[in-house]
Amino acid sequence: MGKIGIVFFASLLFLLIIFPSCAFAAITRASPLSIGQTLSSPNGTYELGFFSPNNSRNQYVGIWFKNITPRVVVWVANRDKPVTNNAANLTINSNGSLILVEREQNVVWSIGETFSSNELRAELLENGNLVLIDGVSERNLWESFEHLGDTMLLESSVMYDVPNNKKRVLSSWKNPTDPSPGEFVAELTTQVPPQGFIMRGSRPYWRGGPWARVRFTGIPEMDGSHVSKFDISQDVAAGTGSLTYSLERRNSNLSYTTLTSAGSLKIIWNNGSGWVTDLEAPVSSCDVYNTCGPFGLCIRSNPPKCECLKGFVPKSDEEWNKRNWTGGCMRRTNLSCDVNSSATAQANNGDIFDIVANVKPPDFYEYLSLINEEDCQQRCLGNCSCTAFSYIEQIGCLVWNRELVDVMQFVAGGETLSIRLASSELAGSNRVKIIVASIVSISVFMILVFASYWYWRYKAKQNDSNPIPLETSQDAWREQLKPQDVNFFDMQTILTITNNFSMENKLGQGGFGPVYKGNLQDGKEIAIKRLSSTSGQGLEEFMNEIILISKLQHRNLVRLLGCCIEGEEKLLIYEFMANKSLNTFIFDSTKKLELDWPKRFEIIQGIACGLLYLHRDSCLRVVHRDMKVSNILLDEEMNPKISDFGLARMFQGTQHQANTRRVVGTLGYMSPEYAWTGMFSEKSDIYAFGVLLLEIITGKRISSFTIGEEGKTLLEFAWDSWCESGGSDLLDQDISSSGSESEVARCVQIGLLCIQQQAGDRPNIAQVMSMLTTTMDLPKPKQPVFAMQVQESDSESKTMYSVNNITQTAIVGR
């Protein structure tokens, strides 16, 4: 290479070092930004340049997160008018304005303002804000944060300024490939306290509820468990207000709030592995504004449903029956409205208040400042126009002087709303309650009489035939259980390590009795199950559990460490499970978030592994007979362990099924043939596994899930969902972002196969394992039976049936 070539190469290398990757620090009159060039923030978090949505021919100037794929655009300059050729510049013109021009100097976009300074430059700040700066005073003359598109970043805000007629909102894209303004706008209202709204054109689409210092009352998910935190500053006298948000855990500054073209407001952050949706609204059809019409209550169940508030009836029964609820409801009884101003308003000829819990406060409220809760009620009672009031600790007194619209009830969270009714509504309700209470009292008395008689008969027979009376010494028990190689603990040790069964050591309460935590001398933690005298688990079940668990060892079965029998005390000692039972997670609004879909799928597979061992791989063939979510324990790593073998039965040789005259189990989990004929087999456990599988997917209890006027059960709802959409929409909405649609749909189909009415139509556990771990084609399930309705109680019910006449003879909490 000659000297000239060497000099040229060195010069070129020098220029590349000085001006790398066609990126530079600022836009000036002399240095415009052209297609193919980018402007980066100082630390390289954001980047400004030209882009084409989904590789369309249209070019836009936008800001996005740098070096993150796929590209997330957070601001667009020329969203109304794209550049359609490859010759365009973002520059500062002679009038002192930032403009986008294409061929022949046609102005595509400008900031709409001009400045007289001769030293103007445009920079992209590290917070993602594009600013036009006066180089003389170093003052920001214009900034993109004051002209938002569909996205708000950490240091930007939506706001209103009434005196100056200004409002800063988020405006959705028209569609994912067209950034021009769509039909949705997110804004902050001027009410006191303010609300967040999504408007669809000129009509409300979603409402966040009154602001309560740190949360919107219509978003119960804003419970402090999320990484994002909102803040609203409102100056009522000045007529201004603004909303910003920040990240509580600042291990990442990559976050944005966006309004999608479908009308969904999402707060998204990057946890280092990818983008995660922290909060989203709306998430349910109940969230859509005024779904149930005036004085209608939208129940945020799955799926949502509408009801009239107490004391109200549908305006049109015909429309209501068609599920067209927008007409709402009307009062059944007019208010007396004697302008009462004291507590005597509760008298029969006055008006009263009915309290509705867990609701989003209605729209169109009035804030009454500086009064307490009692005065709030009296102010409403003394005003004939007042239809309801709510006293919210972080707000104060809110009253409503018109129809109640956009009222929603949550499963948990929300506020308390007191609705004004005619006193006759309460009187009628009280009469019904008295009648019901009388019937229940008489029924309970009769049941107790018969139960006492049969219990006396049962105890008399037990005294004649029981091979080991409760009073028998521990030595006799040792002799009886000697072949099982069971460890015996003495009672004094148990009393010491449980601090005399103190409340501090109590882990929980089951139908069998309490469970306590203890620490052995070597520091090992154990769980002690203490059989209570009122438990439905008798001597037979106690012995059964010891004999079975002592012979069964598997990573997905709870391990028995020993027992203690002294006098009437019977105790079982197990390995300690740090996370208690599965039901404490999936049915808890906060804890359920710790079990995303991948973890739930692992738990499902673990339970199936445990059942496979019981049915096929152990030295015994065991039918559990009481598979349910509360009998699945979780260790410190959330590995599932099947527990409670008191009702389990062993099968011998070629035996595949058995019959019992004493049907025991938990309502909702019992297969049809077992509940009504006493016939049980491995397929009985498969049925219960199917129910359990659907509970894990949905996060809903079989014992409390009913929807619609016809009272559909969880199983029926799962069947309808599978028929309509393949079942992928069944996943618990609180963790839906973590789920694989195909995986969820597959598990729903497996669950439906497991709950088939005929035992022969259900797969065995080996087939279930293959279905869960392979991509084999699944058979189509038949419509399951939905005959058995289950009512929720404080504890799950273990039910015993006499199969002679299929009548319930005893119910024992379990």
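Placed from the backbone N, Cα and C atoms, the Cβ positions cover glycine too.
Note that this is a predicted model, so its numbers are computed, not measured.
What Swiss-Prot says about this one:
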SIGNAL    1-25  signal peptide
DOMAIN    26-145  domain 'Bulb-type lectin'
CARBOHYD  Asn43  N-linked glycosylation site
CARBOHYD  Asn54  N-linked glycosylation site
CARBOHYD  Asn89  N-linked glycosylation site
CARBOHYD  Asn95  N-linked glycosylation site
CARBOHYD  Asn253  N-linked glycosylation site
CARBOHYD  Asn271  N-linked glycosylation site
DOMAIN    282-318  domain 'EGF-like'
DISULFID  Cys286-Cys298  disulfide bond
DISULFID  Cys292-Cys306  disulfide bond
CARBOHYD  Asn324  N-linked glycosylation site
CARBOHYD  Asn334  N-linked glycosylation site
CARBOHYD  Asn340  N-linked glycosylation site
DISULFID  Cys376-Cys397  disulfide bond
DISULFID  Cys380-Cys386  disulfide bond
CARBOHYD  Asn383  N-linked glycosylation site
TRANSMEM  434-454  transmembrane segment
TOPO_DOM  455-814  topological domain 'Cytoplasmic'
MOD_RES   Ser535  phosphoserine
MOD_RES   Ser550  phosphoserine
MOD_RES   Ser630  phosphoserine
MOD_RES   Ser643  phosphoserine
MOD_RES   Thr660  phosphothreonine
MOD_RES   Ser703  phosphoserine
MOD_RES   Ser704  phosphoserine
MOD_RES   Ser797  phosphoserine
MOD_RES   Ser802  phosphoserine
MOD_RES   Thr809  phosphothreonine
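Closest to Asn95 (N-linked glycosylation site) by Cα-Cα distance, out of the recorded positions Asn89, Cys376, Cys380, Asn383, Ser550, is Asn89. For the domain 'Bulb-type lectin' (26-145), the model's pLDDT averages out at 93. For Asn54 (N-linked glycosylation site), the same-chain residues that are 6 or more apart in sequence and have a Cβ closer than 8 Å to its Cβ are Pro176, Thr177. Residue environment of Asn89 (N-linked glycosylation site) contains 18 other Cβ atoms, counted within 10 Å of its Cβ in all protein chains. When Cβ-Cβ distances below 8 Å are used as the criterion, the domain 'EGF-like' (282-318) is approached by residues 198, 203-207, 263-264, 325-333, 354, 356, 359, 363, 403-411, 419, 421-422, 425, 429, 698, 700, 705, 707-708, 717, 730, 733 of the same chain, each at least six residues removed from its ends. Cβ neighbour count for Asn383 (N-linked glycosylation site): 16 (other Cβ atoms within 10 Å of its Cβ, all protein chains included). Distance from the CA of Ser550 (phosphoserine) to the CA of Ser630 (phosphoserine) is 21 Å. With respect to Cβ neighbours within 10 Å, the recorded positions Asn253, Asn324, Asn334, Ser643 differ, and Asn334 shows the lowest count. Residue counts of the domain 'Bulb-type lectin' (26-145) by helix, strand and coil are 8 helix, 54 strand, 58 coil (DSSP-based).
With the fewest other C-beta atoms within 10 Å around its C-beta, Asn43 stands out among the recorded positions Asn43, Asn271, Ser630, Ser703. All protein chains considered, the CB of Cys286 (disulfide bond) has 23 other CB atoms within 10 Å. When the recorded positions Asn253, Asn334, Cys397 are ranked by how far their Cα is from the Cα of Cys306 (disulfide bond), Asn334 comes first. Across the range of the domain 'EGF-like' (282-318), the DSSP-based residue counts are 5 helix, 12 strand, 20 coil.
For Asn253 (N-linked glycosylation site) paired with Cys298 (disulfide bond), the C-alpha to C-alpha distance reads 37 Å. On its own chain, Cys386 (disulfide bond) has Arg379, Cys380, Val399, Trp400, Asn401, Arg420 as residues at least 6 apart in sequence with a Cβ closer than 8 Å to its own Cβ. For the pair Cys397 (disulfide bond) and Asn383 (N-linked glycosylation site), the C-alpha distance works out to 14 angstrom. The Cα of Cys376 (disulfide bond) lies closest to that of Asn383, out of the recorded positions Cys286, Cys292, Cys298, Asn383, Ser703.
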